[in-house]
Amino acid sequence: MNNLLSMEHLSNEDIYELIQTACDYKSGKQTLPQFEGKFVSNLFFENSTRTKCSFEVAEQKLGLKEVNFETSTSSVQKGESLYDTCKTLESIGVDLLVIRHSQNAYYEELENLNIPIANAGDGSGQHPTQSLLDIMTIYEEYGSFEGLNILICGDIKNSRVARSNFISLISLGANVMFSSPDEWVDDSLDAPYVQIDDVIDQVDIVMLLRVQHERHGITGEANFEANDYHEQYGLTMDRYNKLKDKAIVMHPAPVNRGVEIDSELVEAPKARIFKQMTNGMYLRMSVINKLLSGKEA
């Protein structure tokens, strides 16, 4: 596997291999590989806590040395292009790039590079490692995906998580439904839109999405009322109590408590939000291993 850019580039076999390796790292069944003498640079052009820190911990556990990159102090501020920035890092011997960027499909500009790239999120396009860690979390709970009913609630149109998960979960055999305000519907994704209260007692997984304030613009924000959104699309205690006994609640985070989910439900028994974060570190180790080992996915 030369790069991890989009879930569309992964077969089901690739997905299972990556999550199984991550599960083996987590259980201790498989020894962590060490990449002593290898260098990685994390280029985050958008804010991040979980993804950035998770990659950093994963890299350190695998023996990688980080070449620090800060957008605010780099030559990007002087007008240097993304390609030239990445080509510079390749030229000085960096072995892996982890990139988050506000531009959809930014990686199309980097096709001439000879260095592995892990996409840590491109605009509202894709977020493959988030999708993979979500899949890992579901796999740990259910052992398979065939026939699972999954409800994804929220800002579908602007969510790279929704897009990545829809692509992968449908391919793996799950049934995916969306619930969203009309202005956040994404017609490019062929899934039914439902009212959350009509299906809340039937789903196996409720996947809540953060409201993407930074992508809405002035008009979108003017029309947003947190309380109204919570009442119509959020996971309230009443809705939580209607979930099936073995249903789980997921959220890619950061969580807007009291908007997407009642604050007291973030760590409720059915919630797997912090487990997702733990799994993310192991999953990203699996991805790094695949990219640096040169094995075919």
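Using N, Cα and C of the backbone, Cβ positions are placed for all residues, glycine too.
Given the structure is predicted, the values throughout are model-derived calculations rather than measurements.
Per Swiss-Prot, carbamoyl phosphate binding site is recorded for ARG50, THR51, ARG100, HIS127, GLN130, ALA253, PRO254, and the stated evidence type is sequence analysis. Residues or ranges marked as L-aspartate binding site by Swiss-Prot: LYS78, ARG160, ARG210.
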Determine the minimum-neighbour residue: among ARG50, LYS78, HIS127, ARG210, listed as binding-site residues, which Cβ has the fewest other Cβ atoms within 10 angstroms?
LYS78
Surrounding CB atoms that lie within 10 Å of the CB of THR51 (carbamoyl phosphate binding site), all protein chains:
25
Spatial neighbours of ARG160 (L-aspartate binding site) among the binding-site residues ARG50, GLN130, ALA253, PRO254 [C-alpha, 10 Å]:
GLN130
In terms of DSSP three-state secondary structure, what is the assignment for ARG100 (carbamoyl phosphate binding site)?
strand
Non-site residues, in chain order, whose CB comes within 8 A of the mean position of the CB atoms of ARG50, THR51, ARG100, HIS127, GLN130, ALA253, PRO254 at carbamoyl phosphate:
SER48, THR49, ALA120, GLY121, VAL161, PRO252
Starting from each candidate's C-beta and looking 10 angstroms out, tell me which of the binding-site residues ARG160, PRO254 has the most other C-beta atoms.
ARG160
From the Cα of ARG210 (L-aspartate binding site) across to the Cα of PRO254 (carbamoyl phosphate binding site), what is the distance in angstrom?
7
Which one is it: of the binding-site residues ARG100, GLN130, ALA253, which Cβ has the fewest other Cβ atoms within 10 Å in this structure?
ALA253
Greatest CA-CA distance (Å) over the residues ARG50, THR51, ARG100, HIS127, GLN130, ALA253, PRO254 that the record ties to carbamoyl phosphate?
16
Out of the binding-site residues listed (ARG50, ARG100, HIS127, GLN130, ALA253), which are within 10 Å of ARG210 (L-aspartate binding site), Cα to Cα?
ALA253
